[in-house]
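Here's the structure, in structure tokens; my notes come after.
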């Protein structure tokens with residue numbers, strides 16, 4: 001089992017950060033003020049205690065009123081000097097002034113409890129100063145060994161994650177909204193250009209990938225968006241999913257067929273029925289454009305579709321106001337549209353537009369995404385679960401606490417995985433499983449270290465069992481808000497670690513990579 005990761009165990013006691021010393025000093029000052037008030041209150045009672053049955057005469061009442069007024073004045077003075085206590089504590093004047101003040105009002109027969117209280121407060125002050133001196137000396141004298149093995153305690157982890165991860169994520173969310181709006185305007189301009197042509201209909205774009213899920217493993221993020229494709233009037237799509245691959249990495253093709261629209265042509269006259277009118281009657285340049293220009297053997301061609309959209313996007317960009325402030329460059333790509341926006345200041349933004357055909361009412365698409373092993377032909381599309389996974393993270397964001405740490409955990413592991421054989425998708429799958437097992441209320445920021453350790457332990461069990469199931473296949477815990485095809489819901493679980501079960505060398509390498517991941521995490525936490 002993976003060892004517990006805890007900043008308190010990994011960091012030496014003398015390496016307290018400045019933030020913790022300040023907090024301890026604040027607590028000490030509050031305790032000092034509270035102790036003084038308690039002592040003064042006791043002093044107002046002890047010199048003249050009342051016995052049972054005693055009557056309060058006029059002289060006693062006057063003395064009590066005088067004492068009450070004296071205590072009130074003392075409280076006012078303490079309130080005025082409260083803001084100066086921290087500075088006096090640093091110079092050692094606080095305890096001296098407090099003892100002098102107590103000497104002036106101290107009655108005969110001092111209380112032992114008050115002396116004990118003063119001793120404890122004095123010990124606390126000494127401990128605070130010694131902690132600070134040790135911390136400052138450690139910071140000034142650092143050796144090469146300490147630089148290599150310098151542990152970071154729990155306080156440093158929180159500050160590191162806040163500064164290095166949460167702030168960029170906030171900027172990432174804002175940029176995603178800007179990119180999504182910009183691509184939406186570009187698609188609208190493309191629609192205006194192709195309005196009178198019987199070509200593809202471009203639907204509203206959908207942000208996918210790590211950026212739109214709320215995390216990103218790299219600073220130079222590429223914003224990926226999926227554009228659903230719909231057939232023009234008089235055409236229809238038929239998806240032919242290949243049986244050679246396993247869900248959800250199957251290959252498929254999109255067959256384009258003609259539909260009869262003679263009745264609409266007679267009533268409205270806004271379309272032509274390509275099915276029942278010969279191509280010669282329509283004219284040589286007015287044939288079934290989709291089948292003629294964007295298809296190969298009646299199947300929608302990915303590469304032709306990408307080239308068509310690239311040309312359309314370049315012309316549509318000139319219609320947008322943003323074209324006067326930014327320069328658009330279409331980068332070479334055979335299966336997508338990769339754009340780079342450059343401002344006058346030199347800052348750039350990378351965008352990749354993918355194309356997809358939806359499977360029924362689900363949110364699973366056949367997309368133009370390039371497969372790792374390559375695809376057999378330009379008419380082959382790849383099945384993708386990018387949209388359901390994005391919808392799952394949005395669902396979690398709505399249900400989880402506002403300061404949930406699940407994205408921080410994923411962002412942290414994405415950086416630690418660099419140079420190992422584990423992919424970010426592997427850790428994302430682990431996280432998605434844990435998000436449906438552990439109540440979302442326990443993903444509060446205060447549970448960060450516990451959740452990080454839980455992710456590490458879950459991954460270790462999966463490596464020992466050589467089994468990590470795909471999150472969306474045959475998983476009853478997938479929320480209903482994430483629509484999936486029936487084939488996904490009834491499918492048997494898919495083992496993402498199947499290769500480890502078949503190849504002992506790959507399994508041994510995965511275990512070594514896991515130990516490297518443990519060492520990296522231990523050195524950080």
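Each residue, glycine too, has its Cβ placed from N, Cα and C.
Automatic prediction, not curation, is the source of TrEMBL annotations.
Remember, it's a predicted structure, so these values are computed and weren't measured experimentally.
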Annotated range (TrEMBL: coiled coil) out of 5-32, 33-60, 61-88:
61-88
Between 0 and 100, where does the mean pLDDT of the coiled coil (61-88) sit?
61
Which residue counts does DSSP give the domain 'Mab-21-like HhH/H2TH-like' (422-472) for helix, strand and coil?
39 helix, 2 strand, 10 coil
